[in-house]
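Q: Below are the structure tokens for one structure; questions will follow.
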Amino acid sequence: MDTFAIEGGRPLSGSLRVQGAKNAALPILAASILAEGQFYIYDVPHLKDIEVMLKILTALGARTKHADGSVDLDTTSVSVSHVPDDLMGQMRSSIFLAGPLLARLGEVTISRPGGCLIGERRIDLHLAGLTALGAKIEEAEGYITFRADQLYGTNIFLSFPSVGATENIMMAAVLAKGTTRICNAAREPEIVDLQNFLNAMGARICGAGTDTIEINGVTRLRPVSYRIIPDRIVAGTHLLAVGVSKGHIELTNIIPEHLTALIEVARSCGVEIKTYHDIMEVKSTGNPLAYERIITSPFPGFPTDLQAQLMVFLAQATGTSVIKETIFEGRFKHVNELARMGASIYVDLGSAIIRGGNKLSGTSVEASDLRAGAALVLAGLAAEGTTTVSQIHHIDRGYERLELQLQQLGARISRVSI
Ligand code: EPZ
């Protein structure tokens, strides 16, 4: 299993182009099932989760090729309705196959999705949404089978603005008869990207990015070429990497309005951030001020996917900060590892109280999930001495060779295969 070896205490400098967004590419690749023919999708990062999604599409009958960030995909022969169990269990995003397969084939069988162990990660909103569109659902022996000869548009209210459920319902509704209105929809930028991709295919969707999305069903869609938006979480991770280890970097392939919440917090803590067009310049002295209270919430609130990385930054700050995690109940697994490095953090009733100012010391730590792993890498950049991060396969699910990205910014980090 590979590990990262990180030598801390070096200011970062240099320029880096941010990778395409994992959480936009995954639903968009699944949505390609909705039309037959040749797709070209650009800026698709080389990640474990993308590899699994392409394996699933191949198992369903598609022909796929991924080279230099471009995916060449022919979905003409998609005809298999059972998503392979071993692939289904490897990530959360395999649930995205339900909507498009049901719309295309009229039937789909899946097992429960996998994904980061950051909470219960229920799928009830996915099931309720597809049922509302007319799907008949049977659960037996660990499998869920959806059947519908025809899906019909309807109004769907989400009790929580679930990103995945919003996307699954959108993908099922585009070929339904009539109009579907999703109320209390998630507003993340990745949902806007999915809307733009589907509309380029000939769908008639409006409202993505707001809490109400309207989908007017059409009879058929066509294959397209499309470029994925930048990954705002990877960009935010690098912004915080400078925040914890000081320095001055430039990030390109940025959409600043996707990072408003983080930029506001980081500026309040003393980080200098300049944005112009798709470029962001980040400068930090490495001694941030504390931030009284952050509450993670659905977009445009502070993203849960940057909570762990922000905690490392605030552990360096002068003063005490509080982070309340409201999206995933199991997303504080990095706290113990950070405490072993010398951070003073304790968790109480869903909030982490971070007493800043403790110097971090390098040691061996273990990644428990994707973003917790990224946070431990940032802690290694800030720490005195050398930090070894193990279980980095979690990190490879969301960051394209993170060690190469950070090396490009002057960090002393290497991948050790053992
Ligand atoms: C997406 O997960 C992202 N993953 C996550 O990113 C991200 O953290 C999350 O949205 C929130 O922004 C992808 O896009 C592939 P949700 P998703 O449905 O769709 C509950 C990363 O690090 N819920 O918005 O699974 C759920 O339990 C990953 O890149 C239900 O109760 O998130 C959770 O508490 C991690 N029933 C909350 O909603 C449902 O049917 C948010 O889940 C669905 C969700």
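For all residues, glycine too, the Cβ spot is worked out from N, Cα and C.
In TrEMBL, annotation is done automatically, which means it is predicted and not curated.
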Q: In TrEMBL, Arg92, Ile327 are given as binding UDP-N-acetyl-alpha-D-glucosamine, so which of Asp68, Asp124, Asp305, Asp348 is in that site too?
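A: According to TrEMBL, the candidate sharing the UDP-N-acetyl-alpha-D-glucosamine site with Arg92, Ile327 is Asp305.
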Q: Specify the nearest of the recorded positions Lys22, Asn23, Cys116 to Arg92 (UDP-N-acetyl-alpha-D-glucosamine binding site), where nearness means the distance between Cα atoms.
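A: Given the candidates Lys22, Asn23, Cys116, the nearest one is Cys116.
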Q: Determine the most Cβ-crowded residue among the binding-site residues Lys22, Arg92, using a 10 Å radius around each Cβ and all protein chains in the structure.
A: Lys22
Q: Whole-number answer please: how many Å between the C-alpha atoms of Lys22 (phosphoenolpyruvate binding site) and Asp305 (UDP-N-acetyl-alpha-D-glucosamine binding site)?
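A: That comes out at 12 Å between the alpha carbons.
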Q: If you average the pLDDT over the domain 'Enolpyruvate transferase' (7-403), what number do you get?
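A: Its mean pLDDT is 96.
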